Amino acid sequence: MAPQWVAEQSRIIHGHLLDWPSYRAARTIMLYLAMADEPQTDAVIIDALKADKTVCVPVLGQQYGIMEAAVISGLDDLVTGRLGLRMPDPARAKNIDPVLIDLVLVPGVAFDRGGNRLGMGAGYYDRFLTRAPQALLVGMAWSFQVVDAVPAATHDVSMHYLLTEEGIFRCGKGKM
């Protein structure tokens, strides 16, 4: 995808999020660190920190399939880690208990309107999100990633809302 298109559409998504009462009410948020073709999240991190929210990002555990959430105080807390992905600096990272997270922005390959999510296949988010049952789960994607049906297994965790450049949509299983 063209970097300019990604930047423009990400700004639109960011605007929808900032206008959303559920986001404004959240005190602790978790969000992914975007890869080049995903909706970008750096501006969300900066705005959330300015609004005195606690911001956490995923950190992969030593054990395969295990993910934790580490609190960051700014983009300077990030380093390049495994697979060339940004991650919290291990020397400064402080993990947070998932039950303290109010809202999670979740990436995915595809979503459906029922809230089902197709991830990258390793189950990191599904395992993590079961430990944060109180959190509002928001799938963040481009509108073309929202499809009619995504295969779902019993262990897959469904999203409550989808956030795209077209707006925020409540999923079939969404919390109010």
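Including glycine, each Cβ sits where the backbone N, Cα and C put it.
The substrate binding site annotation in TrEMBL covers LEU33, GLU38. Using a 10 Å radius centred on the Cβ of GLU38 (substrate binding site) and all shown protein chains, the other Cβ atoms total 18. In three-state terms derived from DSSP, GLU38 (substrate binding site) belongs to neither a helical nor a strand segment and is classed as coil.
What TrEMBL records for ARG117, LEU118, GLY119, MET120, GLY121, ALA122, GLY123, TYR124, TYR125 is ATP binding site. Long-range C-beta contacts of GLY123 (ATP binding site), restricted to its own chain and to partners at least six residues apart, with a cutoff below 8 Å, comprise GLY65, HIS155.
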### Task
May I ask you to report the DSSP-based helix, strand or coil state of ARG117 (ATP binding site)?
strand
#### Entry: Rounded Cα separation (Å) that holds between ARG117 (ATP binding site) and LEU33 (substrate binding site)
18
### Query
In sequence order, which same-chain residues at least six apart have a C-beta under 8 angstroms from LEU33 (substrate binding site)?
THR41, VAL57, PRO58, LEU78, LEU85, ARG86, MET87
### Query
Which residue, out of the binding-site residues GLY119, GLY121, shows the minimum number of other Cβ atoms inside 10 Å of its Cβ in this structure?
GLY121
### Query
In whole Å, how far is GLU38 (substrate binding site) from GLY119 (ATP binding site) when you measure between their Cα atoms?
13
